[in-house]
Amino acid sequence: MTGQIVSIMEPSPARNAPNEAPAARNAPSHLRRLEAESIHILRETAAEFRKPVMLYSIGKDSSVLLHLAMKAFHPGKPPFPLLHVDTTWKFREMIAFRDQRARELGLDLIVHTNRDGLSQGIDPFTHGSARYTDVMKTQALRQALDLHSFDAAIGGARRDEEKSRAKERVFSHRSAAHRWDPKNQRPELWSLYNTMLAPGESMRVFPLSNWTELDIWDYILLEDIPIVPLYLAACRPVVERDGALIMVDDERMPLRAGEEPRWRSVRFRTLGCYPLSGATISTAATLPEIVSEMMASRTSERQGRMIDRDSPASMERKKAEGYF
Amino acid sequence: MSYHEAPTIAAPDAPRLDQDDRPTLRFVTCGSVDDGKSTLVGRLLYDSKTLLDDQLDALASESKTAGTTGGDLDFALLVDGLQAEREQGITIDVAYRFFATKLRRFIVADTPGHAQYTRNMATGASNADLAVVLVDARKGVITQTRRHSHILSLLGIRHVVLAVNKMDLIGFDGDRFASITAEYLTLAGQLGISRVQCIPVVAPDGDNIVAASTRMPWYAGPTVTAYLESVDVAGDVSQRPFRLPVQWVNRPHADFRGFCGRIASGTIATGETVTVQPSGLRTRVVRILTPAGERDRAKAGESVTLTLADEIDVSRGDVLAAGPTPLVSDQFAAHLVWFDDEAMVAGRRYVLKCGTASTGAVITTLKHRIAIDTMAQESATTLEVNQIGYVHLNLDRPLVFEAYRDDRDMGSFILVDPISHRSAAAGMIGSSLRGSANIHWQRLAVDKSVRAQLKQQRPCVLWFTGLSGAGKSTLADHVDRRLAELGRHAALLDGDNLRHGINRDLGFSSAERTENVRRVAEIAALFVEAGMIALVALISPFRSERELARLRVEAGEFIEIHVATPLAECERRDPKGLYRKARAGELPAFTGIDQPYEAPQAPEITIDTSELSSEAACEHIIRYLREHNYL
């Protein structure tokens, strides 16, 4: 393609697939308000950037984000592709779900893996979660954004997740080196977003900023949004390791002395790489059961994430380096 | 006092989905540093049982290592999320927190008290219904209290809770509380803050936060939580005229053209007549698509897609309106809160964003600056960071708006520095400056779309940018001739030629080069207005200038063509001998040699004339124009 005329603005092919929203139910107005705000943010992103992309992590927040994107541009398709950064250590069910959703919705899905990391044999067991996350997630994401020269990456992070996220803007600026400068963020007033970028810079966009974990589940229930079955309780083979229940999803997981996978009824509150996702003992096998279990829960969803435990300010540091 | 038996507050457990419609109150906390804002917010989270076991464990261990409370739970650590904040024990940035009681949900923006972070306070206040202003009972109303209250009033906040904190440190003195209350009520009266509730509190201990304090029996008013749960802040924008700033035109296939946006005010029903502003064209609403399906009507706050009865020109930045016509003008007066470290420069061009519209804007006059402490108007020539002033602005094109006091969405704007891209200021529109408020943009009998139809083309700007010698003029000339052959109407604006005429007063300093580009962009926009295709061949090395040129016309009317011939090839050609002179040091600030050329990041078209003949390149451009319905 070098040297040739490259038209960046190919018109998206007209598709005529009717995708009527489900019949209106009596939704709580606060969910509708959140929905309206997120749709506004998604449309701003489409209108203001040259080449946006939606990061699709296959989790519940991504499922909601994708559902909102389908609504925002209905009856058309979202005018941006989906990007999944595949560490090759995701649960098998996640990958199957990802491919099925992209096919059903007729969306353009880009899957990117850090080939360098792969050939160096970086894995979560031998290299530790910090190094592994940096190479296979943070660096991989930066590679993918650079490779396709995306200038805006839409993600499903919420402000209620974690303290440094609570301070991040809806439109969060990244330097040409993908760095976040938390002390020098652009003020964000009303619904007016400063979307201007210098060459090489980019924006991370968080349409779910004002949603809580409970809002996400309520909305999934209300709108009947498909989610990966791993969120629902089922008998799965797990080992107890460092105080967490880790599912033995494939034969690559080295078992330590004395570790014997046991079949237990578990589910996951957050999904990621299976070696780093702690399961919780649960019998909640339906969405309403999950929601009521969540209401009674006394721990936060991030408790199951191994990577946040590395150091107290670990999320802020990872974000500064370009982690989503 | 016991805070474990919180009577009115509980985890969001009782009401469930079908009947759960607790309204959301958004509020902002502000006050001086060390007044205890973060502690108050942390306390609200703690008492509402929003905190979970692992978060409480983390809080307990962090309180011991990083706390400032001698090992007791330090509630401020819950909200001071950034490492630097925890190290210094201060709040730097706005934190958004969520909690709920049995009666309401809350989103709270916790904002910093440091003077240099005032912009963040304005940010938090911009989306708030109410403000909790903290003062230290020992200090009373101080300069920061006045400054913050003033910003609150400018941002349209009419409800304030004055939390007089640290009452324990003044021995729960009711008389002192009364005098602080009186002083604040006077201030609020001057600022037009109509409803104030003053509450004496001890944030770390929870006195009067959730449960009534037993240590201040002389106070008979509500607790902070009780007041937040009951206060009526409703200002129903649904009752105002219908306004829909168009965000996005949804055109998935030839049979559907929908206009998307979030309704700023009013309601709309199918069959109702709307006008497109600023063009003034009238049409009818045919369908209303909402996230919950197709409906007969929709109201303020909803993100919708409307289809219209007539095929008329509507694009991003336009406003669909019903009822009284909104204000339309290219000049208005507004309050500015200056954010940028770089001071305001009258006469300089900024990018203004209002609703979904963007345009170039110049601050023509600084009418006055406002002294924060006294609220007096004083004369000034500039605004420094954190200063507030009243200005007149001139816009590159007319904007559709309302006064901020009537409509926050339609009356607010930001100014962005076109070079640094920092958000330079936030603005609240006072009034239009075109005579009376009734002067609206008159729809000209013959508009752009009529002219374009006559010529059977969609007007646009073809902006050829690239290094000197890249082949811009040659290629533009080729395209111009080809368009003429096809019977289309174009005009070629060549940078060198323009410098012999309209731009002959300009030299090559960066200011003059900027002005050169600005003039060419203006002329190109006039040609587009006349229904023509304007071809511009100009080095235009800076991305920000090209972006301003892009903003000068409507979305889709600007086609950036990067003539990306490599520097080595341009220098080899050197048709005018300029590179030779530049290398010899005779031409300072020559693009590509000692001044950078900022290549377009995502031009519509890229061409390298070292690999493609002028004819082939020309045909590619023509094909692009055909495929995108310009021809």
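Each Cβ is built from the backbone N, Cα and C atoms, and glycine gets one as well.
Nobody curates TrEMBL annotations by hand; they come from automatic prediction.
Computed from a predicted structure; not experimentally measured.
According to TrEMBL, the active site, phosphoserine intermediate annotation covers B:Ser540. Cβ-based neighbour count (10 Å, all protein chains) for B:Ser540 (active site, phosphoserine intermediate) stands at 27.
The GTP binding site annotation in TrEMBL covers B:31-38, B:110-114, B:165-168. Every protein chain shown contributes to the tally, and the Cβ of B:Met167 (GTP binding site) ends up with 27 other Cβ atoms within 10 Å. Secondary structure from DSSP puts B:Met167 (GTP binding site) in a helix.
Other Cβ atoms within 10 Å of the Cβ of B:Ser468 (ATP binding site), summed over all protein chains shown, number 25. In this structure, B:Ser468 (ATP binding site) belongs to neither helix nor strand by DSSP; it is coil. Annotation comment: TrEMBL describes B:Gly466, B:Leu467, B:Ser468, B:Gly469, B:Ala470, B:Gly471, B:Lys472, B:Ser473 as ATP binding site.
Taken together, the residues in the domain 'Tr-type G' (B:22-240) have a mean pLDDT of 83 on the 0 to 100 scale. Marked as domain 'Tr-type G' by TrEMBL: B:22-240.
According to TrEMBL, the region 'Disordered' annotation covers B:1-21.
Between the alpha carbons (Cα) of B:Lys472 (ATP binding site) and B:Ser540 (active site, phosphoserine intermediate) lies a span of roughly 11 Å. Proximity to B:Leu467 (ATP binding site), judged by a C-alpha distance within 10 Å, picks out B:Ser540 from the recorded positions B:Gly31, B:Lys37, B:Thr111, B:Ser540. Comparing CA positions across the recorded positions B:Ser468, B:Ala470, B:Gly471, B:Ser473, B:Ser540, the one lying closest to B:Lys37 (GTP binding site) turns out to be B:Ser540. Taking the Cα atom of each, B:Asp34 (GTP binding site) and B:Ser468 (ATP binding site) are about 58 angstrom apart. If you measure from the Cα atom of B:Ser468 (ATP binding site) to that of B:Thr111 (GTP binding site), you get 50 Å. When the Cα of B:Met167 (GTP binding site) is compared against those of the recorded positions B:Gly469, B:Ala470, B:Ser540, the shortest separation belongs to B:Ser540. Taking the Cα atom of each, B:Gly471 (ATP binding site) and B:Thr111 (GTP binding site) are about 54 angstrom apart.
Using a 10 Å radius centred on the Cβ of B:Gly471 (ATP binding site) and all shown protein chains, the other Cβ atoms total 25. Once Cβ contacts within 10 Å are tallied over all protein chains shown, the binding-site residues B:Leu467, B:Ala470 are led by B:Ala470. Most other Cβ atoms within 10 A: among the binding-site residues B:Thr111, B:Ser473, that distinction falls to B:Thr111. Note: the ATP site is recorded as B:Gly466, B:Leu467, B:Ser468, B:Gly469, B:Ala470, B:Gly471, B:Lys472, B:Ser473; in the same chain, B:Ala537, B:Ile539, B:Val563, B:Thr565, B:Cys570, B:Thr609 also have Cβ atoms within 8 Å of that site's Cβ centroid.
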